[in-house]
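Engineer: Here's a structure for you.
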Amino acid sequence: MVELESQEAVTVASTADIAVDVSLRLLAAATSLASAVVVAANHQQRWGVRVDFTLFQVWIGFVAVNLVCTVYAAATAAAARKAMGRWWLHHADAVVVNLEAAATAGAGAIGSIAMWGNEASGWYAVCRLYRRYCNAGAAALALSLAAVLLLGVACARSRYPKMPPTT
């Protein structure tokens, strides 16, 4: 068969391309799930006052978004061969990356106020009293940031997809 110059050559995804995509998505799912579990299991009691994630709406949203991100990343990893090259994949990736980034930024903002306080508004740094709780929150934020970066790379790779190999 003779190809004309005006015809575009179809690039086919190799097994390595699919493996990289699946690996990125599974790592994102694992880090996002770990972040949600760390926050949900995190609590500390001092002087009869128990602090856990249900006291702050931003942490409840953070856990919910991380669980949604986990399910999405695992589902797209499982269906990577079929989903690769679909027009909707990049858009769905972008939505999930932005949700994860927004949840991480919101929780990080509350975490920074808890860590350093805000004299102008009269908010005191509570991490001096609840150090273990704040350290676990910081670890969860780091894990969530890793999930954002991993999904961001997967999103960038889905922007110019190669077609899955035909079997």
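Keep in mind that glycine also has a Cβ here, set from the backbone N, Cα and C atoms.
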Engineer: Quick one: does Swiss-Prot have Gly117 and Arg157 on the same side of the membrane?
Structural biologist: no
Engineer: For the transmembrane segment (55-75), could you work out the same-chain residues 6 or more beyond its ends whose Cβ comes under 8 Å from its Cβ atoms?
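Structural biologist: Non-local partners: 25-26, 28-29, 32-33, 35-36, 39-40, 92, 96, 99-100, 102-104, 106-107, 109-110, 137, 140, 144, 147, 151, 154.
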Engineer: Restricting to the topological domain 'Extracellular' (116-135), report the mean pLDDT as a whole number.
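Structural biologist: Across the topological domain 'Extracellular' (116-135), the average pLDDT comes out at 78.
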Engineer: Going by DSSP assignments with H, G and I as helix and E and B as strand, what are the residue counts for the topological domain 'Extracellular' (39-54)?
Structural biologist: 5 helix, 8 strand, 3 coil
Engineer: In the same chain, which residue numbers or ranges, 6 or more beyond the ends of the topological domain 'Extracellular' (116-135), come under 8 angstroms Cβ to Cβ?
Structural biologist: 42-44, 46, 51
